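The domain 'PurM-like N-terminal' feature in TrEMBL is assigned to 49-158. The Mg(2+) 4 binding site annotation in TrEMBL covers Asp51, Ser64, Asp94. Taken from TrEMBL, the feature Mg(2+) 3 binding site covers Asp51, Asp94, Asp226. According to TrEMBL, the Mg(2+) 2 binding site annotation covers Asp66, Asp94. As annotated by TrEMBL, Mg(2+) 1 binding site applies to Asp66, Asp142. TrEMBL lists His73, Glu277, Tyr339 with the feature substrate binding site. If you look up TrEMBL, you'll see Gly141, Asp142, Arg165, Ser228 marked as ATP binding site. The domain 'PurM-like C-terminal' feature in TrEMBL is assigned to 170-312.
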Amino acid sequence: MARRSDAFNPEGRAPADGEFARIGRWLLPLADDLPGLGDLVPRTLIDNGDDALAVRPAEPLVISMDMAVAGTHFPAAAAVADAAVKALRAALSDLAAMGARPWFYTLGLVLPDGLSDADWQALHDTLRAENRHWQVRCLGGDLTRGPGLVFSVQVHGLSERPLTRCDARAGEDLWVTGTLGGSAGGLAGLQGERPLLPTLQDAFYRPALPLTFMQAANPLLSAAIDISDGLVSDLQHLLSASALSAELLLDEVPVNPDLLHHDTRAEALDRALYGGEDYQVLFTAPPEHSTRLQTLAQHQAQPISRIGRLRANEPDQPRQLTARWQGRPFSLRTSNTGYDHFA
Ligand SMILES: Nc1ncnc2c1ncn2[C@@H]1O[C@H](COP(=O)(O)OP(=O)(O)OP(=O)(O)O)[C@@H](O)[C@H]1O
Ligand SMILES: Cc1ncc(C[n+]2csc(CCOP(=O)(O)O)c2C)c(N)n1
Ligand SMILES: [Mg+2]
């Protein structure tokens with residue numbers, strides 16, 4: 001039975017709008033049981049509210065941390081609840097890439113002055129809805145005041161067989177989930193560079209993670225990586241880790257169709273290849289699994305596209321990434337190594 005400290009029952013000891021009261025009112029309840037969580041409920045030994053959490057995982061624990069900073073990962077003017085969803089989904093996407101099932105997360109929050117009760121309520125309600133949607137709970141975290149919004153989300157997942165970036169093999173197919181480029185289109189809209197379509201704004205703030213599909217497909221796959229920096233950049237991470245070359249078939253790349261309201265096909269393809277933050281998963285699998293993968297994807301209404309093939313590196317040659325588009329060789333900007341926070 002988990003032990004729970006009642007240190008956060010302020011009962012007149014702490015100011016009603018102080019740190020402890022806010023944690024008690026808005027954050028601790030995010031650890032509450034959710035209907036339908038079933039055996040995913042962590043067996044906690046020491047619950048949230050103490051100095052630290054203690055848990056006993058029944059399977060290998062898969063851990064990843066992601067930060068989201070106002071002005072860097074989302075516009076400084078973003079609503080706190082929108083930013084929270086993006087931060088949580090970006091973090092959970094690493095569990096999708098590992099083929100792991102989410103267990104719980106911990107949440108570091110830096111909040112600016114002047115957050116209203118309505119903002120807190122929206123933050124709480126949104127995270128509760130996210131928890132229910134992804135079948136996950138927030139079991140702890142940290143809260144401080146600072147000059148702007150920062151989220152630091154550490155996700156904890158479970159998997160008997162976490163997928164890596166380094167186990168792809170020559171001759172296997174390259175696949176990607178969902179559609180690409182929508183998040184970059186949404187960001188361009190939010191920044192006033194093009195009209196803002198609600199579907200693209202959603203692609204930016206609320207990426208549709210392939211979590212369920214990746215858990216079910218895990219036994220059929222050899223390697224995977226989530227697309228945070230951009231398809232070309234993240235594919236190169238996978239190729240480096242697996243010491244392989246690849247050819248991309250650009251006509252098969254699932255460009256978000258809503259981009260075509262305002263982009264040419266070439267502009268939309270560019271966002272799909274280099275935009276990043278779609279938080280879809282690029283994965284590899286032997287060709288003999290392709291029918292099973294397509295059937296599984298259909299059952300789950302999860303779009304997947306086969307976008308290329310892996311091959312061995314030429315002897316004494318560096319890894320190569322080539323592409324074809326509309327019947328012709330297409331020159332990729334392979335020097336585009338994705339979003340670099342310090343370049
Ligand atoms: N401060 C740090 N201390 C130790 N290791 C770090 C630190 N920052 C990053 N790393 C490690 O570097 C690797 C790459 O980190 P990165 O944040 O780029 O992860 P990613 O999954 O490739 O991208 P994303 O964060 O967009 O999901 C990870 O394995 C991560 O654990
Ligand atoms: C305001 C604003 N400006 C630019 C971007 C674009 N951007 C920021 S981080 C990142 C890669 C993933 O980040 P990380 O490697 O930290 O996980 C990208 C494509 C944005 N989202 N918001
Ligand atoms: Mg990642």
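The backbone N, Cα and C atoms fix where each Cβ goes, and this holds for glycine too.
Because TrEMBL annotations are produced automatically, they should be read as predictions rather than curated entries.
For ligand 3, the binding-site residues lying close by, meaning a CB under 6 A from one of its atoms, are Asp94, Asp226; the full candidate list was Ser64, Asp94, Asp226, Tyr339.
Note on the domain 'PurM-like N-terminal' (49-158): DSSP counts are 36 helix, 43 strand, 31 coil. Taking Cα separation as the measure, Asp142 (Mg(2+) 1 binding site) is nearest to His73 of the binding-site residues His73, Asp226, Ser228, Tyr339. Separation of the C-alpha atoms of Arg165 (ATP binding site) and Asp226 (Mg(2+) 3 binding site): 10 Å, rounded to the nearest whole number. Ranking the binding-site residues Asp66, Gly141, Glu277 by Cα distance from Asp94 (Mg(2+) 4 binding site) puts Asp66 first. Proximity to ligand 2 (Cβ under 6 Å from any of its atoms) holds for these binding-site residues out of His73, Gly141, Glu277: His73, Glu277. Per the record's binding annotation for substrate, residues His73, Glu277, Tyr339 show a top Cα-Cα distance of 11 Å. Ranking the binding-site residues Asp51, Asp66, Asp94, Asp142, Asp226 by other CB atoms within 10 A of the CB puts Asp51 at the bottom.
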